[in-house]
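A.B. asks: Relevant sequence annotations retrieved from TrEMBL are reproduced here:
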DOMAIN    386-496  domain 'TMC'
TRANSMEM  66-88  transmembrane segment
TRANSMEM  164-182  transmembrane segment
TRANSMEM  257-279  transmembrane segment
TRANSMEM  308-331  transmembrane segment
TRANSMEM  343-363  transmembrane segment
TRANSMEM  454-477  transmembrane segment
TRANSMEM  498-519  transmembrane segment
TRANSMEM  566-585  transmembrane segment
Amino acid sequence: RDSQQAETERLSRWKKWRRTSSKSLKKARSEVKDLSSYLVLWHHDIHSIEGKYGTGIQSYFSFLRFLVLLNFMIFILMFSFVTLPIIISKYGIFNSTIAYISPKNIEENCTIYEPSSNKGLVYFYTYLKDLFSGTGFLEVTSLFYGYYTIDAVWISIMKYNLPLAYLLATFAYLALSFIWIMKRSVEGFMQNLVHDADPFQSYCNKIFAGWDFCITDPNAARLKQRSLRYELQMDLQEEKLKQKIAERTTKEKIRIYTLRICINIIVFAILFACFYSIYRVTVFSQESSNVSIRNDTRTELANILVQYLPSMVITLANFIGPLIFSFLIRFEDYTPAFEIKLTLMRCVFIRLASIGVLMFSLWSQISNCSTDKCKPCGYNYKLYPCWESDVGQEMYKLMIFDFIVILAVPLCVDFPRKLLVTHCSCKLIQWFGQKEFQISDNVLEIIYGQTICWIGTFFSPLLPAIATIKYFIVFYVKKIILKHTSKPAGRPIRVSGSNFFFLAVLLIGLILAFIPLGVSIAHIPSSKACGPFRNFNTSWEVVPDTILEFSTGLQQVFFGMASEAFAVPFLMIICIILFYIIALARAHKRVVEQLREQLVLEGRDKMFLIRKITEAQK
């Protein structure tokens with residue numbers, strides 16, 4: 001310090017001022033960073049949850065905050081590039097107008113679209129029905145695809161190509177979601193690799209570094225002690241099972257493998273039954289809804305029940321399936337850790353695949369063109385004059401029904417159960433006890449809703465706004481459930497592993513969303529009666545049509561990039577880069593193993609020297 005002060009005194013005034021300014025700027029940046037942490041959404045709430053219940057449950061609420069921010073960004077993207085230009089043009093702001101181009105070479109019947117909007121005197125319950133089903137007054141709003149029947153927007157002298165903007169905004173929100181998820185998953189993946197690298201290292205981490213020093217509540221501390229004890233017991237049980245597996249006779253192996261095959265056949269039968277039920281109910285709901293709209297023979301309540309049948313069956317399958325899987329897994333004789341992973345993967349599959357089956361059922365109805373009259377349109381225009389809005393309504397109903405279930409379960413099940421456990425001394429009720437706050441089940445619940453949002457945003461551009469509000473409310477609902485009606489799970493999962501698992505399942509949901517969106521954009525003919533793509537055979541055709549408006553040089557560049565002459569060398573280069581990265585990773589892994597062996601040898605050398613020194617002193 002004295003030498004630094006002496007050196008400072010020899011500096012010029014300009015250098016002294018620069019050094020002082022640099023220190024002041026660093027201090028100011030640090031203070032601003034500390035203050036900005038208080039502006040983070042739910043910073044204090046998540047911090048208090050972490051302090052009271054540990055980092056495991058905190059990871060769920062942090063994941064929920066991530067989805068709120070992600071959906072808000074998607075909403076800003078879709079609203080700015082799709083909805084806002086239409087609002088600006090309709091009110092004539094910036095001297096803007098709307099351009100319509102009449103469809104050419106299209107049969108007149110394909111262009112007829114009469115939304116079921118309410119006219120005349122309307123009862124209040126009709127508005128409620130429309131609010132829950134997405135029909136009526138909601139069908140003609142900017143919430144659904146059919147509202148955007150505009151070909152271009154002129155803002156002053158600039159032409160805004162709305163069909164191209166609609167398609168690019170869809171690609172942008174999918175790319176944003178993918179990049180953001182990958183960015184967040186890298187850290188969890190690295191921690192997961194470090195944890196699973198060596199069982200002995202995992203044991204040392206639990207013993208010497210397993211305590212969560214964020215915990216301040218005594219009950220949470222006891223829970224953490226039980227958690228660590230459970231993890232050690234599970235590790236010992238896994239070692240015993242591995243020893244038991246190694247000592248199995250051929251007869252025992254045949255018996256256990258036969259049993260596993262039979263159980264997996266039962267699991268596939270359950271999945272097939274669930275998916276077939278979803279398919280049949282969706283077909284029945286679509287046909288009955290269209291018949292009731294034309295004939296108006298049912299009551300309003302019956303119509304709502306018919307429209308919500310697919311959502312009800314999907315929710316019922318998501319509830320019953322995991323219960324059966326949890327019961328069957330006990331007979332398969334797996335290690336405890338693998339039991340949890342396999343059950344979770346089966347639950348993930350039934351939740352996410354049910355959405356895919358719903359989309360397939362809708363496609364089969366949309367493409368069911370058995371009569372010659374609908375062949376010119378390429379889709380069943382009689383039942384689906386604007387099929388994109390119909391798909392958007394299905395996604396909207398799934399989102400609303402999922403939200404209703406999330407609110408109804410605590411109110412109708414968790415709170416009464418808490419009251420019974422608290423005030424009733426019956427042994428049966430006390431045996432059931434309070435409901436455990438299962439992190440994995442709650443995460444799968446919100447990932448299911450997020451997958452619906454990703455698929456539905458193309459057909460309902462403002463659906464991310466509903467998802468943002470939904471998850472914002474869900475945060476406080478889950479917080480109340482955690483504090484007042486539930487207890488933390490006795491079998492918690494690791495924080496690093498859980499974070500990576502959450503993001504991995506979320507990534508699976510995003511990849512699943514690519515498939516129906518890709519088929520809808522590139523394969524199924526777009527509606528000729530509504531939407532921005534009514535003048536194109538498919539939504540994707542707007543891209544080559546826009547490229548044809550460029551100069552000849554740019555056209556050759558874009559078409560060259562889409563040709564096989566560019567694709568094959570590009571894929572070869574990517575493969576070479578991947579092989580190089582894989583080889584580099586393996587080399588690094590071997591170096592790490594060698595360093596570990598070297599550390600073990602050095603430890604043995606030290607112990608040998610200590611023994612020699614001790615013997616010499618004696």
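Every residue gets a Cβ built from N, Cα and C, even glycine.
Where in this structure would I find these features, and how exposed are they?
C.D. replies: Model confidence over the domain 'TMC' (386-496) stands at 82, taken as the mean pLDDT rounded to a whole number.
Same-chain residues lying 6+ beyond the ends of the transmembrane segment (66-88) with a Cβ under 8 Å from its Cβ atoms: 41, 94, 96, 98, 142, 147-148, 150, 153, 155, 160, 162, 165-166, 168-169, 172-173, 176-177, 180, 184, 446, 450, 453, 457, 461-462, 464-465, 467-468, 471-472, 475.
Cβ atoms under 8 Å from those of the transmembrane segment (164-182) belong to residues 70, 73-74, 77-78, 81-82, 85, 148, 454, 457-458, 461, 464, 503, 506-507, 510, 513-514, 517, 521, 532-533, 539-540, 542-543, 546 of the same chain, restricted to positions at least 6 beyond its ends.
Sequence-remote contacts of a segment are chain residues at least 6 beyond its ends whose Cβ falls under 8 Å from one of its Cβ atoms, and for the transmembrane segment (257-279) they are 310, 313-314, 317, 321, 324-325, 328, 331-333, 346, 349-350, 353-354, 357-358, 360-361.
Non-local neighbours of the transmembrane segment (498-519) in the same chain are 56, 59-60, 63, 170, 174, 177-178, 181-182, 184-185, 187-189, 191-192, 344, 348, 352, 355-356, 359, 363, 439-440, 443-444, 447-448, 450-451, 454-455, 458; each lies 6+ residues outside the stretch with a CB under 8 Å from one of its CB atoms.
Taking Cβ pairs closer than 8 Å, the transmembrane segment (566-585) reaches residues 560 in its own chain, all 6 or more past its ends.
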A.B. asks: Give residue numbers and ranges for long-range contacts of the transmembrane segment (343-363): same chain, 6 or more residues beyond its ends, CB-CB under 8 A.
C.D. replies: 267, 271, 274-275, 278-279, 282-283, 286, 310, 314, 317-318, 321-322, 325-326, 329, 390-391, 394, 398, 440-441, 444, 447-448, 451-452, 455, 501, 505, 508-509, 512, 515-516, 519, 524
A.B. asks: Residue counts in helix (H, G, I), strand (E, B) and coil for the domain 'TMC' (386-496), per DSSP?
C.D. replies: 86 helix, 6 strand, 19 coil
